Amino acid sequence: MPEFRVWAPKPALVRLDVNGAVHAMTRSADGWWHTTVAAPADARYGYLLDDDPTVLPDPRSARQPDGVHARSQRWEPPGQFGAARTDTGWPGRSVEGAVIYELHIGTFTTAGTFDAAIEKLDYLVDLGIDFVELMPVNSFAGTRGWGYDGVLWYSVHEPYGGPDGLVRFIDACHARRLGVLIDAVFNHLGPSGNYLPRFGPYLSSASNPWGDGINIAGADSDEVRHYIIDCALRWMRDFHADGLRLDAVHALVDTTAVHVLEELANATRWLSGQLGRPLSLIAETDRNDPRLITRPSHGGYGITAQWNDDIHHAIHTAVSGERQGYYADFGSLATLAYTLRNGYFHAGTYSSFRRRRHGRALDTSAIPATRLLAYTCTHDQVGNRALGDRPSQYLTGGQLAIKAALTLGSPYTAMLFMGEEWGASSPFQFFCSHPEPELAHSTVAGRKEEFAEHGWAADDIPDPQDPQTFQRCKLNWAEAGSGEHARLHRFYRDLIALRHNEADLADPWLDHLMVDYDEQQRWVVMRRGQLMIACNLGAEPTCVPVSGELVLAWESPIIGDNSTELAAYSLAILRAAEPA
């Protein structure tokens, strides 16, 4: 018979409801309640706290077939009490140096399910992708959302296909030698369906922009930390994910001697040894703090890699000319060159946006560039714009190609956001489907007020609750094979193939990277061994003082003995001639 266990130190009485039958539970001194009850494999169950007749879902629920406010359903990972997995031959691979593809299951396809996404995996293989990174798939209130307001971290969002759908998706990825990363949000809980405070002290007094913080350093926080780490390991052990992207780790306020991220990294290394395959943790952080990716033996946390917004900002502003908000300190080619060579632009320097010093220098002799992720756009960089407009909606094809070349041609681990490889015309706007009218109204009003401060008219801001906002974010796959979209797609595919096949592009050390530029003529050259990535960021043709064998180009460069003429907004990748 299955055992039911729940950590609930707060209530004086906890009872188990299985398919409507109520059972007593026994409390241990550590706040765990437990009982053993005969229950079908698909039983619906939940917990009754004190004298409240409301049946609450299991905080560690594996499945919520009727949403986050309803009863949980028993579910066991395949291979334990059900059918065997089909990916047992998958050896795994490290994420360092890979090409990652970030996608949102709900908008990646028309159907918005794991099974529909499986049908696009061969396309990703042909593109040259190494890892798929799923935006959060944990359960959240409503049917539509980015997933970052999850409240039942252990369960899989049912409209996507639930836990069985995720198993099928990961097996299908592994059959094609694609790794899978899952975006995990441990810094806050969503505003709808969060019953954890009824069970125990899961929340802290420390708040962040998204809500109450998580109690990872206060009284009774040991079990909360276990809750986080067990959840993280479960994605990799039970679902066979190859790693996690950890959302906004700077919002994890931990004053203990061993940070929860270091504890998680240690547990992940242990699980990797048990499973016999590599597992990766990628931290999203805005602190430019290399201690995250420094080995524990050298005083770091031992996280595999981290997102790097400085590289995005440096490339985006140099190409687009945008300088608003946190772009204020970026924009020049000098800034671009410095950031590409050093990993961070702000490394203890003054940030005008933050109005203080920011960041810490990266030891480029000890930490390879593959520990940092470079990208031209992400769900954040697109979705946090007022209209959710992609770079493809305001830049030329040549400008998009330049951004891609500087990113994929760099020594950093690279990441694409779904559809960028063909210049998708669909936006990626903020959307949600809160079932509570008051919460829905406050979310819509808050979005409009936020952008009104930046000069946007309220009527211009998409309504996140409107189903059409969600619908317009779905990729239009038909355009990927037509016209300029197809041309950009071919360029991306050729560029990724070059990255995979050229030994010089696999060199992870920034000390070997050279970047030349001319601020007035608007050209930049990134040198990777014998390869030179020459880009004209200007609106007029220009001559770049490099020459060699043409490897790949956007537009048609004129290559001379000592220089190359580039058309406006174009690039050429050249191979230097071998010394005579």
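Cβ atoms here come from the backbone N, Cα and C positions, even for glycine.
Swiss-Prot lists 56-88 with the feature region 'Disordered'. Outside the region 'Disordered' (56-88) by six or more residues, the chain places 2, 6-7, 17, 39-49, 139-141, 151-152, 154-156, 158, 162-164, 167, 170-171, 174-175, 192-193, 195-196, 198-199, 227, 230-231, 238-240 with a CB less than 8 A from a CB of the stretch.
What Swiss-Prot lists as compositional bias 'Basic and acidic residues' is 60-69.
The substrate binding site annotation in Swiss-Prot covers 245-250, 309-313, 379-384 and rests on similarity to another entry. Reduced to three states, the DSSP call for Asp309 (substrate binding site) is helix.
Per Swiss-Prot, site 'Transition state stabilizer' is recorded for Asp380, and the stated evidence type is similarity to another entry. Long-range neighbours of Asp380 (substrate binding site) (same chain, six or more residues apart, CB within less than 8 Å of its CB): none.
For the compositional bias 'Basic and acidic residues' (60-69), the number of residues in each DSSP class (helix H, G, I; strand E, B; coil) is 0 helix, 1 strand, 9 coil. In this structure, Arg245 (substrate binding site) is part of a beta strand by DSSP. Cβ environment of Arg245 (substrate binding site): Glu133, Leu181, Ile182, Asp183, Ala184, Ile282, Ala283, Glu284, Trp307 lie under 8 Å away, each six or more residues apart in the same chain.
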